[in-house]
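Participant: From TrEMBL, for reference:
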- 1-25: signal peptide (SIGNAL)
- Cys35-Cys50: disulfide bond (DISULFID)
- 64-216: domain 'Cupin type-1' (DOMAIN)
- Asn109, His114, Glu119: oxalate binding site (BINDING)
- His112, His114, Glu119, His162: Mn(2+) binding site (BINDING)
Amino acid sequence: MTAKILLVIAALFALQLATSRVVWASDPSPLQDFCVADNSSKVFVNGFVCKSMDDVKAEDFFTYGLDKPGNTINKLGSNVRAVNVNTIPGLNTLGISMARIDFGPRGLNPPHTHPRATEILTVLEGELYVGFVTSNIGQTNRLFTKILKKGDVFVFPQGLVHFQFNRGHTRATAIAALSSQNPGTITIANAVFGSKPSISDEVLTKAFQVDWKIVDRLQAQFWMDNNN
């Protein structure tokens, strides 16, 4: 009987530990109606310090201009306008943000991840080819893709590499919602070939199984793009 009780206690402890990990992996939960970010504070915390309630204004919960198309005249042919806690201080601790993504013809939002958020995307205009890749499962990274038309919705799980591509010859627009006040974005190509300082040629040539000249060319291209 004692052994059974110990097993039950151990199982409950393991469940509590697992639950705690899930909680700590998410944005901090609000402990009051709201916690408007005080961007002038010098105190460093996980998130932002709360502004005094007496100083909170309606503007702290507001932004504008999401009806305006973004400029897609660039090498990727896309433009992302993020609306997060850096744009709306009132989003602090609320665990949500959004973005408007505009695509020119053949425009691409390149493979990237959001380390702190799941993303749900809906197409407002045009047609998009979207997809995400799973984490390492054995020796396989499985690709899930879909063609989205106006009104279609697709989910990209937290932390997984994903992309959106406008295969058409007209503009496309999408709105994304994300489950973090500050999801973060890691663009794969930029992170690998454009890091500062650069990842060594030896590491990249071995990882990608390509000639070092190709790695040098890519790093030089990213350096020029980021310093012009």
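Glycine residues also receive a Cβ, built from the backbone N, Cα and C atoms like all the rest.
Keep in mind the model is a prediction, meaning the values are calculated, not measured.
Each of the listed features needs to be described in terms of its position in the shown structure.
Facilitator: When Cβ atoms from all protein chains are considered, those within 10 Å of Cys50 (disulfide bond) total 20, not counting its own.
Using a 10 Å Cβ-Cβ cutoff, His114 (oxalate binding site) registers 23 neighbours.
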Participant: Taking the domain 'Cupin type-1' (64-216) alone, what is its mean pLDDT?
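Facilitator: PLDDT averaged over the stretch: 95.
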Participant: Looking at the binding-site residues Asn109, His162, which sits with the largest number of other Cβ atoms within 10 Å of its Cβ?
Facilitator: Asn109
